[in-house]
């Protein structure tokens, strides 16, 4: 059994050292936090959502079994905290994870929370219940879970097929709230009921989302705020101007690009702004199932042609990160160290030398100064996709590849990629949890729905399982690095950069922590307060 | 006259039927549906989940069945449910109509109350500095996109006053209520006012050269009586036509203005609904707009007879 008290002490210490946390003075009760929301989410059900547009406003309605410490920017196994679970323990063979649940917790409609609700939530996620989620984008997270069993009203166990320490990380994600058994998935889309610090009031599509304080919250004295109001403003210029004018207390988290951040700082010099990695990588998807990219030499040439620093300098004024599949350190827990990264072809600092090598590969494949390869570079019709795609096309020119931008509407992007109707694509991949299991299985395992390039390497898949079962994080890291290096060398999905983005809030907003290795897990907002 | 009215009303019904077919078909021609978009956003697709959702929403049925389901419901006043919010479409659309109606009405009022008098002044003062100045203003009005003008107004408001006139659902003061609608209405109505000014000016110039105007002046009528009573009354028909057309075009301007000023009206809602391929919302909203446009055209035709007694609608 792990000591919850020890964790609590660690949490208290880390609160004092958290770099992007603003805590000052004695918290004041009251006030409504006003945030603009970047778009109108499809519905209010986090379990069915696949964008942080759902997590940000609705995470405050719920609790998880465990959660990442909301005052520590970096999510890591050391920052896991109990929430609806009071404690947890692994069996000796690490195949059974048991949670002791908190007693006296009530749903917002007054009904008691019990282990049945936990079982219902995960049966729903695993597709084992009578009721079904309309969409279940994270079903694969629970592939290694055999079943959920309860023992009385306040104990629940996860029986695993094999050890998987990362299960706790996934349970701590903002994407894994506990739902009530007695409310249908359909009702949870329109009127969510949770146990969290805020009760749902209303969601007017394209207008606003309102939450109010839960006076019966099981954490006594919390939340500090009377409520939170999200005003949906899809036009970024309007939203930022409104923040500058003081209509909002906070911008939508990680919504401010680096160039816009300078505008805000000049117009609202008192605002507090932080820039953190979003754990969203911009990468290239290559259709290796048809010519010309069925030729590994051409795929390698593309990877060698990348000048990643140029992307970072142009798009982020130098404030983004270069790495492999996993978010690079220091914010990323699992990313390769710089010296290892630079041994991967294309990651070395000498771009010209890399491109000379790429040219030789292209010439070997029959292309050269007199015979260019014409390709369409497909991407989604969103600025964060289009802008790097244009730079990519420019860089590919240096190795005899003439790219033509093929902008695809969002509705058609995934179907197009899924039916392999593209040659070369520029894609963004978000990781809700900074853990290799989430990233490797989802994006690189044979047959995964999100493995857009159909990369399939049975040998490397065995290594996925090996790292996944490793309990010791220090032993697991080198395994992860080797896999990540191999994925880059295989040109499975060349990573160009990991983005960073800014968040700003007014000086009187206290207790905000922006997570530095995930954009999905830090919005409980139970101890935010307004110093005014 | 009665037969003419009946004929026009029947024509309106045929037009609306045609529009309903066009909307329905166009929406299905556009690639992707709500299910594609939901799964695209989630970045995965489970064929079974997808099929279930298509069945649940009824978009797996033959097109003719879907059309009949929609149009028969529409005629009964049952607009169905929004695919996205899962609320009744009527409940989603109705609260937004007054917002857009107020905005459009104010924009048209702005257009007419600014454009017509200034057009008359510009014509009467033809060739003077004032005329040139007004022509420059009208040209700039026609050249400035309303979204850009809107952003300029917002930026200037923040820079100069530290305030921002974006939509406030519960205005506390008269000024807030005014800012909520008047500023965006001016932004969207500026182009329309400029057009009205130019049409009024050219129409007035033509009328002011007529013999009966010279006669009126010779009889000693005042400038105001000549310009506003004799000339404007005869010059107003093209202006009414333009305002009628502008009323229809206004929805395009309102889409960007509602977005820039963050006004939760029908126009912005329509764009979002199109983005999600929320058929019940898009179909019913476009039909609503079509009805407004058809009725506006009909009203304009009737106004011709009011303003020009020589026009008579006969059988």
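Think of each number as a place in line: the chain as shown, counted from 1.
Glycine is no exception: its Cβ is also placed from the backbone N, Cα and C atoms.
TrEMBL entries are annotated by machine, without manual review.
Source: prediction; values computed, not measured.
TrEMBL assigns the feature transmembrane segment to residues B:235-256, out of the candidate ranges B:235-256, B:257-278. Range annotated as transmembrane segment by TrEMBL, chosen from B:78-100, B:285-307: B:285-307. Cβ atoms under 8 Å from those of the transmembrane segment (B:181-200) belong to residues 102-103, 106-112, 114-116, 118-120, 122-123, 134-135, 137-142, 144, 146, 149-150, 153, 157, 165, 235, 238-239, 242-243, 246, 249-250, 253-254, 257-258, 260-261, 263 of the same chain, restricted to positions at least 6 beyond its ends. Between the transmembrane segment (B:235-256) and the transmembrane segment (B:103-124) there are at least 3 Cβ pairs closer than 8 Å, counting only pairs 6 or more residues apart in sequence, which means the two stretches are in contact. It is B:285-307 that, among the stretches B:103-124, B:136-161, B:285-307, forms the most Cβ pairs under 8 Å with the transmembrane segment (B:9-30).
Using a Cβ-Cβ cut-off under 8 Å and counting only residues 6 or more beyond its ends in the same chain, the transmembrane segment (B:103-124) has close neighbours at 130-131, 134-135, 137-138, 181-182, 184-186, 188-190, 192-205, 208, 223, 227-228, 231-232, 236, 239, 243, 246-247, 250-251, 253-254, 257-258, 263, 265.
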